[in-house]
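*Asks:* What Swiss-Prot shows for this protein is this:
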- C50: active site, nucleophile (ACT_SITE)
- H305: active site, proton acceptor (ACT_SITE)
- 41-482: domain 'USP' (DOMAIN)
Amino acid sequence: MFGNLFEEDYSSVSSSQYGRGKKLKTKGLEPPAPREFTNLSGIRNQGGTCYLSSLLQTLHFTPEFREALFSLGPEELGSLEDKDKPDAKVRIIPLQLQRLFAQLLLLDQEAASTIDLTDSFGWTNDEEMRQHDVQELNRILFSALETSLVGTSGHDLIHRLYHGTIVNQIVCKECKNISERQEDFLDLTVAVKNVSGLEDELCNMYVEEEIFDYDNLYHCGTCDRLVKAAKSAKLRKLPPFLTISLLRFNFDFVKCERYKDTSCYTFPLRINLKPFCEQSELDDMEYMYDLFSVIIHKGGCYGGHYHVYIKDVDHLGNWQCQEEISDTNVNVKAPQSEEEANDPLVVLKTILLQEEANQIPVDQLGQKLLKKTGISWNKKYRKQHGPLRKFLQLHPQIFLLSTDESTVSLLRNHLTQAPSDLQSCEQILHTLASESPGLNDDTSCPHWFDINDSKVHPIREKDITQQFQGKESAYMLFYRKATLQRPPEARANPRYRVPCHLLKEMDAANILLQMRRAECDSANSTFELHLHLGPHYRFFNGALHPAVSETESVWDLTFDKRKTLGDLRQSIFQLLECWEGDMVLSVAKRVPAGLHVYHTLDGDDLTLCEAEVADGEDIFVWNGVEVGGVQIQTGFDCEPLLLNILHLELSGEGSKCEQLVESPHVFPANAEVGAVFTALGTPAGAILMNSVESADGECWTAVPKEDMKKTFREQGLRNGSLILVQDSDSDNNSLLPKQGRWTNSMNELNWLQVKNFCQSESEEKQVQIAVTMHTVVFDIRIKAIKELKLMKELAENSCLRPIDRNGKLLCPVPDSSTLEEAEVKMGSSVGLCLGKAPTSSQLFLFFALGTDIHPGAEMDIIVEETLSVRDCLKIMLEKSGQQGEIWHLRKMDWCYEAGEPLCEEDATLKELMIRSGDTLLLTEGKLPPPGHLKMPIWWYQPARLSGHCESRDHLNCAFSQDSTWRAAPTQGAPGPEPAEVSLLYLGDMEISEEATLVELKSQALALPSVSKLAVQSTALLRVWTVESKRPSRLLRTNWRQLKEYRLGRRAELCLELLQKEEDLGPRDVLLRTQLRIPGERAYSLATDLIWDTTRGWTAGSLRQRVADFYSLPVEKIEIAKYFPEKFEWLPISSWNQQVAKRKKKKNQDTLQGGPYYLKDGDTIGIKNLLFDDNDDFSTIRDDIGKENQKRLALEKKKSREVHRAQSSDLFSNAGVPARFRGPEASLSIHVASFR
């Protein structure tokens, strides 16, 4: 069971470091959840496809449509395997619809996916993320199906089932001539405005006549003149399935805006269409139609949600409605059958006897019980007999569990049963099934379900009346002819008329799902426990601590949480072969003072889940009494608290000067506060408390003498709290900080400022609420709403959001938390905003477009923490109005800079440690495949650098006329005139991280812009990384792989063209040197200098190399490094190095470290002391640059102040501009031609 867990070397028990954080378990893709008790499958929402799900479920629960589609075989529709072949005519939409219906019927999953179907629609621009009208989809989908089925036996499927005919007639009052026009309809559109119900509107449309008279006469063709006439319409041909679309959306011409009509509009469960038909000689039943589907829209005209009420005609689902059961429907059975039905042993034996090989997984046994009897184990037996697995374990004489307890079977002596026994078993199951509410086939109680995307719930037929009116009301009605009867073999048979190839595919998929669920369940059932071995611990300083080392004291054990505490105890006994005496397992916890034991794990028959043992739990293994001879107190009450105590001590021996000393002390939480005097050896005095770690600016509270007997916990102290102890003869105020204040009550109230951000017309803009650190956020919010005189409705749709010092609204705080838990400081400001705070499973995220943003420009969104990065990106793109697929997400760091991209697009936000309040950046550009880099390539031409092959003017001729230099100012590069770092964008390049530097150069030379330069060799190119729009790091060693440079996913490179080949060694440093012009504050052209640092990075070595290069005496030159971002020069001399030597170690005598940080590409100024002995290295441009920096800093300061003021007054005006709504996207389905 445990593999090599118990071998002597204990290789499976890690000696991990004690006190580390919990590991993040990387979860694989979990299989979809099985169907719930209704045994019906929903459809997963792709982001905005609730309208599609509702219509597809309606078609699926139209058996005649479903079976007609199933009747079309691969010989007519083709095969999905051939869809990518150029000459194959594969009708993808009907094939995907067949597969979806088969999955909804047979695949054991909570919800099916429509991704394959929407892909067959040709949706490639995130159409599934947009909301559309279901009535429009109904017409477009049927049109697409008709086009897809051209040339097959199902070419008239839609026309045969859904098309009807309306005839419009005009009768001349003079000659009685009838002029008529016939038109087909797919659905009847009926008005809602000013109409009470469906039957009234049908009367208006197909019973009442419109009279042409007076000023509105009709021109009769027979009479050839204007005459009186009557116009009417009738239903000439009725389809088997009648679709009715309610026109709830209208346009207000006064306000010039759309609105939804939410007035009451009734419709019958059965309707007689005979009064509205042209022919009425048929039997009345031919005109009767029964309602079987109602698509419901919740929301307004600019957005909302669809779900559907559906009648299960074939009784495919498990429908339960306890209120419909009459008291007379009581099963009178033999007393023996009732007693046996109540015996779980008999029931479970019966189920196992009906299984193949009389064996079944334990997890599926409960599902079988629910399916066959209609009642779950927990509901009928758990209270008396305990959990199912435990019940099986307690009856080993009947049930045989596998070694891993995953499957169960009957023992051999229980397998042989007489026919009478088998018949009795069937009767028992029938008895239970008949007792189960809702499983009796009562035809008088139709089976209706509410299908809301993935979720399916049974409803009563009378619940339909609730959808007559309101924001959530009926939008489409579907009726079927009452004469349509279903064959008996279709009843409760989901396999009826499903093609054989789809049956095989679904059976194989179900087997695979079972295997995946078993594997996932096994993987999810193991967790890690940290075993703290009692003999390796000692008790001192108020808590438990490792006696030798944490490695020997703490072991990690991976264990199955479905096993019992007895199994865990036995496993630990086997691990610790030398253990003597009793073994007690207790839950422990790491606290600041050390390790503390809380409670003992009792009940060896309880599983770890039932004992509430969590993943990563710390388990203390000991004898339950003492550790190292010291008796241990356990429990929450005596939890050790680490307190910081301030008290006066003499500053030294014989000194009378006292100083305030802070020292940590550990006390049990249930100890009296007066124990502080004992710990300090002080007989008596005064105690002042501060609940935070710093005394600066906080409130000190004096403990009255009568409260000295109270415990630390009763006084509200916690880990890190400060206690100030004063002798009884000292001045009470002498030790208090200047900002502190003396308070005599523990319950003194502080204030919290609440600002109104609800865009209301309330006169009050902000209020102060009296609070303590233990006040609940919900109470503060409700009180603020009352004092701001806002509407009571805001209590259900508002939240509190802290405001930072820049006026930005932060993440909403949960209603259930206290101010202390929410980390809201006293005296701070919070905003009362519209919208609910995120739940514990949701994240509140900020996001913004691009990478160059400033605080306050972000949008916000609330998403589930289990959402994948890909889905989160789609939602953010939709909300920001962006289109396309070339986007990715980056997490912004604390200084508002774009961080690394979120590459694992299938990982959840929770797995990537995304937290509420984080800011994500929508960055344009597609992420490269794993193991590849995608980076911009620039052409770099240093300004006026001597020794280079071409000038910039010449290079401009080589590039196209459309290419322009992007000049990034160097902020004062040295020279007689303004200089700039010039970068020309060449294009993006994607390359493998396994490629070498020389391969990168070769691939860069293939870029169209570079090929015009006709560079003869890769050795004539230097490659630099680009940071802050300037070259940063020089890449050398041609045969080194790119991954060794650790470029990162945000790397940018630039190429520099050389006049001659060079091969820099690992110790060569490239410097730009400039000789200062005597008598002027300027420098000559820059020249490249290669410095070999083999002898060290010393100032003397660099000075010697410069002197040799310029043929000058080394004692007659002075050199300095230029810092362009500061417009400053720092002289490099051996004297500076000597100062550094005295302050630091000798091995730090290097120019690589501070204050020079010398690297490739740095500018070195050189001064010839024979002609210029002035100490100044600066230029006129440096003076100008410094002035500009001062001016920019002042402007930024003013800008921040203005922005802060604007943020605080953001909602001060009552008028809020109308929300901009983008153009609505059209809905379309792309179908190939099959004519």
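Any Cβ shown, glycine's included, is placed from N, Cα and C.
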*Asks:* Using C-alpha atoms only, work out the spacing between the residue listed as 'active site, nucleophile' and the residue listed as 'active site, proton acceptor' and round it to an integer in Å.
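*Replies:* Computed Cα spacing between the residue listed as 'active site, nucleophile' and the residue listed as 'active site, proton acceptor' is 6 Å.
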*Asks:* Taking DSSP three-state, what's the residue listed as 'active site, nucleophile' in: helix, strand or coil?
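*Replies:* The residue listed as 'active site, nucleophile' sits in a helix per DSSP.
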*Asks:* If I restrict to non-local contacts, at least six residues apart, and a C-beta distance under 8 angstroms, what lies near H305 (active site, proton acceptor) in its own chain?
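*Replies:* Long-range Cβ contacts: C50, H297, K298, G299.
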*Asks:* Average pLDDT across the domain 'USP' (41-482)?
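*Replies:* Averaging the confidence scores along the domain 'USP' (41-482) gives 86.
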*Asks:* Let me know how many other Cβ atoms fall within 10 Å of the Cβ of the residue listed as 'active site, nucleophile'.
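*Replies:* There are 24 such Cβ atoms around the residue listed as 'active site, nucleophile'.
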*Asks:* Using DSSP, would you call H305 (active site, proton acceptor) helix, strand or coil?
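*Replies:* Assignment for H305 (active site, proton acceptor) reads strand.
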